[in-house]
There are 2 protein chains.
Amino acid sequence: MEKRKSIALDMDGVLANNLVHYIHYYFQETGILIKEDEVLGLPEGECLPDKGAVRRYLESPNFFRTLPVSPNAQEVVKELQEQYDIFVVSAAMEFPWSLREKRDWLAEYFPFISWQNIVFCGDKHIIKTDYLLDDHTKNLVTFSGTPLLFNTFHNVHEERFERLQDWMDVHRYFLG
Amino acid sequence: MEKRKSIALDMDGVLANNLVHYIHYYFQETGILIKEDEVLGLPEGECLPDKGAVRRYLESPNFFRTLPVSPNAQEVVKELQEQYDIFVVSAAMEFPWSLREKRDWLAEYFPFISWQNIVFCGDKHIIKTDYLLDDHTKNLVTFSGTPLLFNTFHNVHEERFERLQDWMDVHRYFLG
């Protein structure tokens, strides 16, 4: 029997839908509702009219703990686990206050992922899995396995990597 | 020029001296002073007469934040950085409350290690560095690079790996 392949899954923008959360926080603060198609192609940190807002939200307690789960992510990850070794790999070290919140978020929404398969790091190039599914090209360029770009607003103009549109597309790619 | 080699350094028992901290906590609690040579060869979790004590201390707030640094670790790591890419790789995910404390501890005692080079994980077998310096053989057996055993009380009878006695020995091994 062949060795099971391993997949590293990014959190922000992949397992979690950060854009919806940014838009929600901005609406709560200003009463202005940003539409998703208004921000296509903008850098993640500057997707709101107030250029300091995203960083401010990221730094506010509870932001990471209350992120909405990406549609179908839970079901697809659970199915992937039957045939692949699944790891969550998040560059959480940049936001030390997020470490506990991210761990608790995973325990709530992905309780079927063991703590042994969770990695919080800085630079992802020291991660040795067969696949990396990430929305940020900076993580994909140095990855030694097969890089896969998870489609989101800030990477729509990126053309260097195979793009998976959403979690149903992830299902199709890995489970056919 | 040759590519710089990378070294993953474990925290507990390697950068930090856990045994001294266990003994100190036990003395505070009971007034009984355990000597280091009394615990040689005992499993880490059962090195104190009260078999539940180590786990209780690990679970108490501030334990990880106040761990003593291993002798010479700071100086040697700083010197290693001149010739190697240094990563801290800790199996912190088992103790979620420790995540922030470990990050803050590193910021205080090893401020010269960037957050980009810190990894908190569960299983270390997905770490891709050239060397792993660890006190636990369970981490070394699945490692794909060169495994190095850092000498400490609970691994004195282990013979499967090259053993480095202390941080001066680490200096000798890597810097000659």
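Cβ coordinates are placed from backbone N, Cα and C, and glycine is handled just like the others.
A coil conformation is recorded for B:Asp10 (active site, nucleophile) in the three-state DSSP classification, outside any helix or strand. B:Asp10 (active site, nucleophile) has a Cβ environment of 22 other Cβ atoms inside 10 Å. TrEMBL lists B:Asp10 with the feature active site, nucleophile.
What TrEMBL records for B:Asp12 is active site, proton donor. The C-beta environment of B:Asp12 (active site, proton donor), restricted to residues of the same chain at least 6 apart in sequence and closer than 8 Å, consists of B:Asn18, B:Leu67, B:Ser90, B:Asp135.
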